Each structure stands twice: as C-alpha cells, then as structure tokens.
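Participant: What Swiss-Prot lists as domain 'EngA-type G 1' is 3-167. Under the heading GTP 1 binding site, Swiss-Prot lists 9-16, 57-61, 119-122, citing sequence analysis as support. The feature domain 'EngA-type G 2' is assigned by Swiss-Prot to 179-352. Under the heading GTP 2 binding site, Swiss-Prot lists 185-192, 232-236, 297-300. Taken from Swiss-Prot, the feature domain 'KH-like' applies to 353-437, supported by sequence analysis.
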Amino acid sequence: MLPLVALVGRPNVGKSTIFNALTRTRDALVHDQPGVTRDRNYGVCRLDEQQPFIVVDTGGIAGDEDGLAGATARQARAAAGEADLVLFVVDGREGESSLDDEILAWLRKLARPTVLVINKIDGTDEETVRSEFARYGFSDVVALSAAHRQGIDELLEEVGARLPEEGSGELLDNDPARVRIAFVGRPNVGKSTLVNRLLGEERMIASEVPGTTRDSIAVDLERDGRQYRLIDTAGLRRRGKVEEAVEKFSAFKTLQAIERCQVAVLMLDATEGVTDQDATILGAILDAGRALVVAINKWDGQSDYQRAQAEDLLSRKLGFVSWAEAVRISALHGSGMRELFQAIHRAHASATHEFSTSEVNQALEIAYETNPPPSIRGHVSKLRYVHPGGANPPTFIVHGTRLKVLPESYKRYLENFFRKRFKLVGTPVCFIFREGANPYEGKKNPLSDRQVARKRRLMRHVKGK
C-alpha cells in the first residue's frame with residue numbers, strides 16, 4: 001500500500017491546482033470560485049518514481065456543519081483521518097483568517113503529521129507572507145504558486161522526507177477484468193445515493209440540492225467475488241440551462257466518463273418519468289457505443305397507478321432501446337441491487353464477447369437464406385461473408401456487392417437476427433457494410449490483332465459513306 005497525502009484547507013486556496021500539479025493531470029476541476037470541489041478525489045503522484053504516493057483532493061472546509069458545506073467538511077475530515085501526511089493549504093495573498101485558525105485547531109487534535117503549504121505567493125513578498133503565518137508554529141513550511149508550478153519541487157522534497165515507506169492508501173489498479181460502470185443521468189436522480197449504497201459508506205456527498213456532484217469520481221468495489229470500478233458523475237442539464245463554467249467542465253467530465261466506461265447505468269426518476277433530457281443523455285451513451293442498463297430509481301415510493309403510468313411512458317419513449325434491460329430500484333433503501341448487478345453482468349458479457357469468424361458467417365448464411373434482401377429497382381444486394389470487427393459494442397463487418405441499395409429495414413433485420421441468435425442484451429450492435437472493389441473498374445480489355453483489323457475496316461466503311 002502506498003503512502004497517502006491529503007490536501008486540506010478552506011475553500012478556494014488552490015488545493016485542486018496543487019493536486020493537478022502533483023499528479024500531472026487535469027483530473028480535478030479548477031475554477032476561481034469557492035466550493036468547486038466537494039467529493040474526495042484520489043490520484044497518484046509519480047514525479048519521483050522511487051517514491052510514488054497517493055494524493056487526495058478535498059473540498060474546502062467552510063466552517064458550516066449543515067447542508068452541503070457540512071457534508072463537504074465531513075469528506076475532508078475523513079480524508080485527513082486516513083492520511084499518512086496532511087498538507088494544510090492556506091492563501092498567501094489573502095493571509096491568515098479565522099477559518100484557517102479553526103481548521104488548524106482541528107488538525108492539531110487529529111495529531112497527523114502536517115506540513116503548512118502557503119499557496120499563491122506569486123506577486124507577493126514571500127518573507128512577509130511567511131512571517132504572517134509564523135504564529136502557527138510550523139517548522140515545516142513550503143511557499144509556492146501552484147498555478148505557475150513554482151515551488152512544486154520543494155513541496156515534493158518536503159513530502160518525501162516525511163512519508164513512510166508503507167502507507168494506508170490503496171491504488172486504483174488497471175485490472176482489465178475490473179468492470180467499469182458509469183452512473184449517469186439528470187441532476188438529483190440519486191446517482192451519488194446509489195454509489196454510497198453500493199459502497200456501504202458516505203463516500204459521495206448526496207443531497208436533495210440538484211448539482212451536488214461536480215466531478216466524476218471513481219472508486220473500486222468488490223462484490224460477490226467480482227471487481228468493479230464505480231464512476232459517480234455530475235448530473236447533465238439541458239445545454240440552454242448550463243451557464244456557469246464549472247458546470248460546463250462537469251458536463252465534459254461526465255461525457256468523458258461515458259466514453260471510458262464499459263457499462264453506463266442511466267438513472268431515471270420514477271416520479272418524473274422519461275424527460276427529453278433523459279433521451280439526450282441516452283443519445284450520448286449510444287453515440288459512445290457503450291453497454292446500457294436503465295435504472296428507475298425511487299420506485300418504492302410509487303403507487304400501483306403511478307407505476308403503471310411509468311411503465312407505459314417507459315415503453316413509449318425508450319422503445320427504440322428495447323434491447324436494454326430496465327431495473328426498478330430504490331437507491332435510498334437498497335431494493336433492486338441484486339437485479340441491477342445481474343443486468344450489468346449480462347450487458348457487460350454481451351458487449352465484450354469475442355466472436356469467431358466461423359460462427360458469425362454461419363449466422364449470416366442462415367439469416368440470408370431465411371430472408372434474402374429484396375430487389376430495389378432491379379438490383380439485389382449480395383452478402384458474401386462477415387467477420388468480427390471489435391467489441392464494446394460488438395461490431396460485424398459485412399462484405400458483399402450492391403450494398404449501397406441494401407434497405408435500412410434489412411439492416412435492422414440482421415441486427416435483430418444476430419441479437420436473438422447470440423443472446424445479446426444490454427449492448428448496441430454495429431454493422432459495417434463494405435462492397436468489394438471491382439478489379440476491372442476503369443480498365444479496358446486489350447483488343448486482339450483480329451479485332452483491331454476489324455475495327456479499322458468498320459471505320460473505313462463509315463467514312464466512305
């Protein structure tokens with residue numbers, strides 16, 4: 001296990017900027033606005049290959065124990081409590097504050113090894129800034145400007161000198177057998193509540209306030225002997241309602257999470273049905289070609305009549321993805337969790353199945369003989385052979401002639417035939433049609449000597465007339 005370093009401080013002192021500098025990533029959202037970070041975000045610092053360590057970015061502690069601010073503070077305290085070293089970050093431009101004093105008092109009670117990090121010293125007198133924070137009594141102080149990457153090397157030296165060889169941090173592995181699941185949907189449909197329920201702890205901040213989750217946070221889970229990576233994402237609103245830059249960044253991170261996952265769980269609110277924005281998010285999942293499971297949350301609070309209405313709306317608005325399984329759950333009370341994971345397993349197995357060329361050609365032959373392509377303006381498409389073209393989604397490349405006139409209805413027939421034959425559920429299926437090149441196209445047959453002589457006689461005869 002690697003040593004764990006926690007970044008702690010009040011809002012907007014630059015913790016996320018330091019996190020990005022140490023991890024050489026842009027994983028943490030950064031904006032000149034307090035309260036951007038809320039959930040714990042873990043990364044690995046490998047700037048010194050001899051001594052890598054885990055860094056955890058935390059939300060700013062604002063001194064309020066209620067609502068989102070209180071939940072954010074609890075997340076920060078949890079991170080500091082499990083850390084081997086705490087980096088207490090303060091703002092060198094604004095100077096010390098009463099909130100810094102409160103955080104320092106709490107850190108002293110925690111009794112974890114702590115380094116004072118004075119950020120944003122660019123444009124200031126460093127000695128003056130250091131003297132202002134001297135009353136905190138730290139022997140280990142690092143002054144830096146994370147935005148300009150000044151002082152990061154000094155910070156690494158200080159951290160390296162204080163870290164144990166073994167620590168309490170667990171590294172997110174790159175095990176290809178680990179199923180990557182992204183929970184996506186509109187704001188306030190219960191994504192964070194569901195992830196917390198699966199983890200058995202308040203790992204994500206869950207609130208009735210829409211837009212609570214700002215970043216895409218990945219955590220590992222072992223359940224029934226299988227390994228998963230759960231990705232909690234920010235809710236996606238309609239583009240016309242997205243005004244703040246932070247929300248635009250959050251939306252980008254959510255779309256990025258969809259691209260990187262293997263199974264996307266689209267969460268719907270049973271009390272609101274299927275909205276146009278739900279369909280837009282579904283479109284993003286289909287564009288990425290990801291396996292899909294639809295989770296209808298808050299199902300337990302609905303009457304029989306409301307459930308019947310929701311089922312009817314679901315079949316009408318999501319009929320075009322009838323291949324995706326829909327699971328009724330309650331993230332708050334934990335009902336439907338087993339059914340949800342069973343659907344995820346089936347979708348993942350279908351999306352990542354490796355097909356042999358012989359079995360897909362046999363399927364194409366049966367489909368072709370059972371229902372040949374129709375004649376279009378006297379032209380009939382011929383399907384010669386097919387081979388696998390990849391997974392997630394399953395892709396089949398069909399070769400033949402006159403495929404440009406192959407009607408869409410026949411392409412849907414092939415998709416449905418392959419789904420039924422190979423029992424593919426919960427995943428899109430992609431067909432690519434390629435026509436074989438005509439080797440004689442653009443070429444003329446060479447004439448024999450006899451044909452040349454005949455052509456000359458014919459031309460003399462025509463001219464003679």
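Every residue gets a Cβ built from N, Cα and C, even glycine.
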Participant: Cα distance, W299 (GTP 2 binding site) to I61 (GTP 1 binding site), nearest Å?
Facilitator: 35
Participant: Taking just the CA atoms, what is the gap between K191 (GTP 2 binding site) and T58 (GTP 1 binding site) in Å?
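Facilitator: Answer for this pair: 20 Å between alpha carbons.
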Participant: Measure from the Cα of T58 (GTP 1 binding site) to the Cα of every one of the binding-site residues G185, N188, T233, W299, then give the nearest.
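Facilitator: Its closest listed neighbour, by Cα, is T233.
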Participant: Taking just the CA atoms, what is the gap between N188 (GTP 2 binding site) and N12 (GTP 1 binding site) in Å?
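Facilitator: Cα to Cα, N188 (GTP 2 binding site) and N12 (GTP 1 binding site) are separated by 25 Å.
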Participant: On the DSSP side of things, how many residues of the domain 'KH-like' (353-437) fall into helix, strand and coil, could you say?
Facilitator: 32 helix, 26 strand, 27 coil
Participant: Of the binding-site residues G185, T233, W299, which one sits closest to I121 (GTP 1 binding site) when you measure Cα to Cα?
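Facilitator: Among G185, T233, W299, T233.
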Participant: If you average per-residue pLDDT over the domain 'KH-like' (353-437), what number do you get?
Facilitator: 91
Participant: When a 10 Å sphere is centred on the Cβ of K191 (GTP 2 binding site), how many other Cβ atoms does it contain?
Facilitator: 29
Participant: If I take the alpha carbons of K15 (GTP 1 binding site) and G185 (GTP 2 binding site), what is the distance between them in whole Å?
Facilitator: 28
Participant: Using a Cβ cut-off under 8 Å and a sequence separation of 6 or more, which residues in the same chain sit near G9 (GTP 1 binding site)?
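Facilitator: Within the chain, G9 (GTP 1 binding site) has Cβ neighbours under 8 Å at K15, G60, I61, F88, V89, V90, D100, I103.
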Participant: I'm trying to understand the geometry here, so how far is the Cα atom of G185 (GTP 2 binding site) from the Cα atom of N12 (GTP 1 binding site), in Å to the nearest whole number?
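Facilitator: For G185 (GTP 2 binding site) versus N12 (GTP 1 binding site), the Cα atoms are 28 Å apart.
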Participant: Hey, what's the Cβ neighbour count for W299 (GTP 2 binding site) at 10 Å?
Facilitator: 22
Participant: At the Cα level, what's the spacing in Å between W299 (GTP 2 binding site) and N12 (GTP 1 binding site), rounded?
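Facilitator: Distance between the two Cα atoms comes out at 39 Å.
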